[in-house]
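*Asks:* Take this structure first; my questions come after.
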2 protein chains.
Amino acid sequence: MHQEQHLRNSDFITDAVIGLSDGLTVPFALAAGLSGAVASNGIIVTAGIAEIVAGSIAMGLGGYLAGKTEIEHYDSELRREHNEVEAVPEKEKAEIRDIFADYGLSEDSQTRIVEELAKDKDKWVDFMMKFELGLERPTLNRARNSALTIGGAYVLGGFVPLLGYFFTDLPLQGLMVSSALTIACLFIFGYFKGKATGQPPIKGAFKVMIVGIIAAGAAFLVAQFLNNNL
Amino acid sequence: MHQEQHLRNSDFITDAVIGLSDGLTVPFALAAGLSGAVASNGIIVTAGIAEIVAGSIAMGLGGYLAGKTEIEHYDSELRREHNEVEAVPEKEKAEIRDIFADYGLSEDSQTRIVEELAKDKDKWVDFMMKFELGLERPTLNRARNSALTIGGAYVLGGFVPLLGYFFTDLPLQGLMVSSALTIACLFIFGYFKGKATGQPPIKGAFKVMIVGIIAAGAAFLVAQFLNNNL
């Protein structure tokens, strides 16, 4: 229970953090950049929503495919360990001895562990996978959850910076409202992120906010430069 | 060596895959969406580059922060295990016995392992971290590499779809060149991704290409719909 609960929380938080922070930051920065380059809020909102659709699908599917890649990687390592246990059992046994020697176990105990493990080849291989390679088979369920969490968090985060352009007439007005809203949300989100990960929440809030401002500021400056020089 | 090499490859591949696939897909889809909504390639290139700057910073910093969050998570679990080993040593010993019981080790061996491990509390805690919780302390170096790999791959991928708009005059011409270039790159990238992860390369190529087309197609249709209805 202890283990399961902690790992799941961490996965979900990591996914939500990635999706939300990118969702707040990228459409915000894109909209900010376009604010000085186009005459109507309609194009900014269109571009922003196109970005949210593309970004959430790319990140969600990206997360899903990364999860599937991990499963395939696990399976190919599993076949490899099975072959090694058949082909070079003494080498594999020495690897197990080394693991336990590192934790200070006696030679005698090392030998007993190895001989008892080697009785069942499937369990032996499972043991090598987990304790030598540090790999656990990720579930497809996990890959799906990751995809939905990242994609959903991206959409949620992405609409915040666009709100400013819905309720104003001119791009630069939209930019001011959008910046105020987004920076406030980055701060609040950073606060809860800090709490969830056991950091000091105020430090977490400032960290996330400053990252968002840097990304948006850089995109804004580059877009301004291009607009003036293209 | 075996372990290190495999894990590092997998991390690098995962990071590069995420960065490249998002970099190819998101600016491609954004540019495609804008192609039907604006009159000049200049705005599309400006928006695309603003997106690449924002996206690479957000993804790179996102990867870096995710790595740092993992380190903080590890450290808080480490403190927790230290406290548990002090407060409820018999419970922690029973957890170790359970781990080895699952692999078919005799009661006698379980007892010997536990008693030898418990002699050194630091090693005992390290053992619990790795073998009960499945956690290894990620390095800050790893977080930095991840940030640079994801960010760099995003920039690299992102310029491909924009190339079409540099060398044409009208958005819809740009869209045709961009689509041809990007879809070809998605196919090639998917082929090498498949090879690197031990999948059938042609299957990998089609998978990545179709994902890119879906994301770009969805963004294009949504942008068209908004442009016609806003």
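Using the three backbone atoms N, Cα and C, a Cβ is placed for every residue, glycine included.
According to TrEMBL, the transmembrane segment annotation covers B:12-37, B:43-66, B:147-167, B:173-192, B:204-226.
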*Asks:* So which of B:12-37, B:43-66, B:147-167, B:173-192 has the most C-beta pairs under 8 Å when paired with the transmembrane segment (B:204-226)?
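*Replies:* Going through each listed stretch, the top one turns out to be B:12-37.
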*Asks:* Where else in the chain does the transmembrane segment (B:12-37) make close Cβ contacts, counting only residues six or more beyond its ends and a cut-off under 8 Å?
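*Replies:* Sequence-remote neighbours of the transmembrane segment (B:12-37) are 43-44, 47-48, 51-52, 55-56, 59, 63, 145-146, 149-158, 160-162, 164-165, 171-172, 174-175, 178-179, 182, 185-186, 189, 193, 196-197, 208, 211-212, 215-216, 218-220, 222-224, 226-227.
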*Asks:* Can you work out which residues elsewhere in the same chain, 6+ from the ends of the transmembrane segment (B:173-192), have a Cβ less than 8 Å from its Cβ atoms?
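*Replies:* The answer is 20-21, 24-25, 28, 31-32, 35, 41, 44, 157, 160-165, 167, 201-202, 204-209, 211-213, 216.
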